[in-house]
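Trainee: The structure is given below, and queries will be raised subsequently.
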Amino acid sequence: MPNWAWGLLLTAGTLWAALNPGPPAFVDPCHDEGGAPRGCVPGLVNAALGREVLASSTCGPPATRACDASDPRRAHPSTLLTSAGGTANPLCWRSDLLHRVPLNVTLTVPLGKAFELVFVSLRFCSAPPASVALLKSQDHGRSWAPLGYFSSRCGLDYGRPPAPADGPAGPGPEALCFPAPQAQPDGGGLLAFSVQDGSPPGLDLDSSPVLQDWVTATDIRILLTRPANVGDTRDSEAMVPYSYSATELQVGGRCKCNGHASRCLLDTQGHLICDCRHGTEGPDCGRCKPFYCDRPWQRATAREAHACGPAPDPPLPAPCSCNGHARRCRFNMELYRLSGRRSGGVCLNCRHNTAGRHCHYCREGFYRDPGRALSDRRACRACDCHPVGAAGKTCNQTTGQCPCKDGVTGLTCNRCAPGFQQSRSPVAPCVKTPIPGPTKESSPVESQDCESHCSPARGSYRISLKKFCRKDYGRMPQLSVPTSPPTPPLPFVPRGPPSTAGPTFPALSVPRYLPLSESCSSSAPFTCSGRHTCPIGAWVFSQPRSLVYPWPWLLCRGNGGSSPPYMPLGSGS
C-alpha cells in the first residue's frame, strides 16, 4: 500500500475517533471529582415491576366462559399486575366472582428488600372498589402498618374522619382516609397514593428518623374490602355477583441504602442488595465494615457523607489503626467522645503477640524489638525469663529486662551477681558468698590450715542452749572463759566505741541472732571458713576486756541437707 493511502487511512481513523468518542467515563455518584465521599441515592424505580403478586382470589378454577386459568388466552393471573401492559381485559388480573360477604380480596407484593417509598398506584379494569386499605410491612410480612385508606364512608368503614386538605394535624406522619377512587369514562379507575400525603409539611427525610421509618417498606399489601354497586349486602339473593379486576400495580421508590450507594444489585443468591460505598456493608448499607469502625455508623445526607472511612474506595484505608496486627475492630462511643469525635475504633484479636487498643504494644511475656518496625510481624520478642532466677514472666516492654530475685543478674536473670554464689534453693537461687575468717596477714584469702584461725581447746566447757538453731539463724552461746585463757593467734580491731561497763569480762554474751547460710545442730562442731572444724570453746578474744565486740567473727555453718533438682544458674563474674 502506498504511503498516501496509509496517510489517508490514518486521517480517516482520527476523524472517526473524534466523531465517536465512545462511552463516557463512569462517574461514581458517591464520590466527588476529588475522590471525597458524598451522599448518594439510587434512582427512582418501580419496585413492583416483575415481582410476584400474592392474590387471595383469582378466577380460573373453576373455568368459565370469561376466565379459564388453563387457557392462556382467557387466563387472568396475578402476574399481569406487575408486568408491562395496558388496560385491555386480557392483561388484567381478575378475582373470582364474590357472592357473599365479606367481599375482601388481598393483593400482597414482596419487594425483596427495603425500599423508600414515593408513591403506590393501581389501575382498575372495571368499576373501582368503594373501599380500599393500603398497608406496608418493614419486616418482610411479619407485621403490618397502615399507609392510608380510601373510602366513600371513612367513618363507617375505618372509624376515621376524612383527610384534611393540609395534611395530618400531628407532628408526625399518619395514615389518613382519602376519598375512594372515582370511576372513569372507560369504566375503570385509578388509585394513587403519595407518601407525602400522610406526612406533615416541613419534615426533612435526612434529619427525621420518623419520616425515614414512615417511607420504608419491604412489602406492600392492598386490601379491597367493598365493591361498588353490589346491591344490598345484607341479602345474598339481592346482591349482585362482583369481581375485582386491576392492572398496572406500581410501587415507586428508591432502593433503601441510607445514602451510601447509588444502585442495587443481585447477590449470588439472587437477593437484591445495595452496592455499598463509604466503608459500609449490609443489604441496606446499614453498618460499617468489620475493619471500618473508627467512627459510628450514620446515614449519609446531602451535607455530610458520614463515611465509615475517610478516603474513597477501593481500596479504603483502614480507619482502625491496628498496625497490621488485627483484621477487625469495634466502635467505642466513650473513646470517640474523649477523642473529640475523631476516633473510637478498638482493635480486636491482636495478633503477632501484640496488645492494646491499636495493637501498639507487646503482650505479657514479650517486649518490643527496637530493631524492627511496629508493623513488623516479629516486632515483639519473647522475654524468655529464667524459670528459677526471675521473679516473674513479664519483662520491661522497652529493654526486655526480667525482674530478678535477690543476688541474680542478667537480662533473663540467668546468673548470680558478683558477691553471690549459687545455692540449691529454688526460692533463693543465689546467696551471698561467705566471708572468710581472719589470718595473720589480714588477708581475705583463707588459710589451708585451721590452726591459723583456731587454737586447740583447753579444758572442759559446758554449753546450755534452749534454742540452738532455727531457720536461717542461730543464737551465739555464752562461752565461759578459763582462768588461764590461751593467747589467740591474731589480734582484732574493735568495731565500735569503748564500753563503759567496767573492767570485768568473765564471759561473752551476744544477745542477737546471727545469720547462717545453712542449719546446724548442737552436737556439730563449729566450722572454720566452711572447710575446717574447731571444737566449741576454742575462740577467745585477746583484746582488752573493757571492749565489747558487736559482731563475732565465728559463724556456724553446716550441711542443711539437699534440695530437689533445679535449673542451674551461671556464676557471677
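Backbone N, Cα and C atoms are what each Cβ position is placed from, and that goes for glycine too.
Features from TrEMBL:
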- C383-C395: disulfide bond (DISULFID)
- C385-C402: disulfide bond (DISULFID)
- C404-C413: disulfide bond (DISULFID)
- C416-C430: disulfide bond (DISULFID)
- 36-254: domain 'Laminin N-terminal' (DOMAIN)
- 383-432: domain 'Laminin EGF-like' (DOMAIN)
- 62-82: region 'Disordered' (REGION)
- 1-17: signal peptide (SIGNAL)
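Describe each of these features in terms of where it is and what it packs against.
Mentor: For C383 (disulfide bond), the count of additional Cβ atoms within 10 Å of its Cβ stands at 23 [all protein chains shown].
Every protein chain shown contributes to the tally, and the Cβ of C385 (disulfide bond) ends up with 24 other Cβ atoms within 10 Å.
Within the same chain, residues at least six positions away from C404 (disulfide bond) with a Cβ under 8 Å of its Cβ are G389, A390, A391, G410, C413. DSSP assigns C404 (disulfide bond) to a strand.
Confidence across the domain 'Laminin EGF-like' (383-432), taken as the mean pLDDT and rounded to a whole number, stands at 93.
Within the chain, the region 'Disordered' (62-82) has long-range Cβ neighbours (under 8 A, six or more residues past its boundaries) at 48-55, 89-94, 107, 109, 122, 245-249.
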Trainee: Given C402 (disulfide bond) and C395 (disulfide bond), what distance in Å do their CA atoms have, once rounded to a whole number?
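Mentor: Taking the Cα atoms only, C402 (disulfide bond) lies 4 Å from C395 (disulfide bond).
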Trainee: Test of understanding: give the count of other CB atoms lying within 10 angstroms of the CB of C430 (disulfide bond).
Mentor: 26
Trainee: Spatially, which candidate from the disulfide-bonded residues C395, C416, C430 is nearest to C385 (disulfide bond), comparing Cα atoms?
Mentor: C395
